[in-house]
Amino acid sequence: MGRKAKFDDVGTVKQIKGPGRKAKKQKPPKMLPGLPKVEGENDLKKLSHRQKQRAARRIKKKEEIKLIRKEKKKGVKKEDNIPNINEKSDSKNIDTKNIKSEIIKQFSDSNNSWLKSKNSNSVIPERDDDIESYDSNSVIDDEQSEENGLESFDEDISDDDYLAGTLDDVDSSNESGIEDTIPKKKLSTKKRKAEDESDDELLPIEKAAKKLKAAKKKEEAKDNEEMKMQINVASQDVFVFPADDKIDEHIPIPEVEQRIKDILLVLSNFNKFREENRSRQDYTALLLKDLCTYFSYNTFLMEKIMHLFPLEDLMSFLEASETPRPVTIRTNSLKTRRRDLAQALINRGVNLDPIGNWSKVGLVVYNSTVPIGATPEYLAGHYMLQAASSMLPVMALAPQENEHILDMCAAPGGKASHIAAIMKNTGVLIANDVNKNRAKAIVGNFHRMGIANSVISTYDGRHIPQIFKNFDRVLLDAPCTGTGVISKDSGVKMSKDETDLQRCFTLQRELLLAAIDSLNYKSPTGGYLVYSTCSVLAEENECVIDYALKKRDVKLVDTGLTFGTEGFTNLRQHRFHPTMKLTRRYYPHTHNMDGFFVAKLKKFSNVIPKNEESENEEKVDTNDNNDNDINDEVQNTKTVTFKKRPKHGRGKNRTEKK
């Protein structure tokens, strides 16, 4: 550091002569009596106890080094004439040059590994000033331990002597002199030497990486052991079937869950895990009971679902039905674009994304700081709260501009407004619903979204052909049991029974036949009908479509949807038409949307085909009547014959024969 500058009144720097404060030479220290004095020092200063010890130690070390040099010149071994450190010495000035090289020569090659400590600081001082702090005891102890052998070193140290450490100590320990506290395993002397040499050559980062790899291997070994234990437990004792008296006993829900998993495991490999005296039916009956208890279903509905899904998908469907589906909205293309709507909602604190590649108007809302059903954009009719599965039937219908389209069950207007948006407010849209109270929702949504090409009616859908006919396209979202939307209405699990199911698919058949009759098969652009339900039961989907294929001149066509599961062509005792694979099914656990069914039909004529069964019944009836007539003629002598009536006149020509 330089001296502080001083300025005069003019501003020029004053030149100060003489040395600065820090440039002054420090006075030599005062030594003890009997120690070498510095010239010009008469008075002695009292030293502390620690200073006295250090001064004595420096003198002893200098004498020791001097003796080692002399003995080496004479050819005497170091081990024979090593001076005692505790002896007093009166030597004064000792030459300390080249001490480092002299000390190194006294060690053999076998002792090179002990020249470096754990913290990689060399035992040999590199500066002459540091020679005074060098402790020769460490050199003597190392050579003695080398002669006596190091095997006792391993035996004396116990596991408790190793200190646990962290990786934070690795980087700084080698430079600050802190010993490594990472635990090490007890190894043999040769292996330990090799490891110490290799570790000393590595950088701190490499050492840390090496230890991380070792810890990772230990964790993997533990995981493998746990997996083996689980496999062994599963293979040894999977499930013990309860006694007949204890089957009906109430057990806690966690035990029910565990028993469900055990039964599914047994049924997955029945020949291996089953008990000898138990049949598959016993296990399925117990599984049915436990599933009804765990998920709160009635026996009828749970049995239908078990018949519908394989065992590996059964639990996935039931668990997915308990969690709600993501909130989705549909952009009203009559008023805005999806990009503009998304930007406006994001500015209001809504986190959303496009619903997928299959839709150009759908958005998924993850979370929102404002209510989605009360934003200015919603009140202005820029979007509609609509489930993702409800967009699929309209996409399959593919309405065209300037067409006559019928939505037979339109309330609350989500699908009908989607149709009107695709038609761009052209043509005619009949939005019908039998419930007048629900029809009010259609009116409100249509006014809000700016739909002007619609007519709202409240007729019974089964009577539509007597009122409206010759539609280009018809959409029938039939009422159903709602087994695909259990996450929205959990009351379905206990309220639906066999009577409700029978009532639903009977109504669905009648509505489907009425919708087909209202179609115009001569339409140049249409003649199509889309049938959809929010149910996963085959009785409401494939059975209804198969019934329509037999009763009307229609055929199944491709829905045009790019994803979805194919419909059933056979299910247990049911055998459906081979073209049923053109229909599409959607499940909560597979497609992350409500359970849905979509089928697309095309009408070819108004002819009502006759089934072979009905024709056979009519033939049987006519044969029976003929036999009765013959018997009457045999019994009675009089027969009456009727001639055809004339086209004009009311006269009767009748002859009697006796």
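Residue positions begin at 1 at the first shown residue.
Every residue, even glycine, has its Cβ placed from backbone N, Cα and C.
Source: prediction; values computed, not measured.
Per TrEMBL, active site, nucleophile is recorded for Cys534. The S-adenosyl-L-methionine binding site annotation in TrEMBL covers Cys409, Ala410, Ala411, Pro412, Gly413, Gly414, Lys415, Asp433, Asp460, Asp477. Here TrEMBL flags 1-11, 77-103, 610-622 as compositional bias 'Basic and acidic residues'. TrEMBL lists 19-28, 47-60, 641-658 with the feature compositional bias 'Basic residues'. According to TrEMBL, the feature compositional bias 'Low complexity' maps to 108-122. The compositional bias 'Acidic residues' feature in TrEMBL is assigned to 140-172, 623-632. The region 'Disordered' annotation in TrEMBL covers 1-200, 609-658.
In this structure the alpha carbons, written CA, of Cys534 (active site, nucleophile) and Cys409 (S-adenosyl-L-methionine binding site) are 13 Å apart. Comparing the recorded positions Cys409, Ala411, Cys534 on other C-beta atoms within 10 angstroms of each C-beta gives the minimum for Cys409.
Of all residue pairs in Cys409, Ala410, Ala411, Pro412, Gly413, Gly414, Lys415, Asp433, Asp460, Asp477, the annotated binders of S-adenosyl-L-methionine, the farthest apart have Cα atoms separated by 20 Å. Under a cutoff of 8 A between CB atoms, and with a sequence separation of 6+ in the same chain, the neighbours of Asp460 (S-adenosyl-L-methionine binding site) are Val434. Note: Gly413 (S-adenosyl-L-methionine binding site) has non-local neighbours Ala431, Ala441, Ile442, Asn445, Phe446, i.e. same-chain residues 6+ apart with C-beta under 8 A of its own C-beta.
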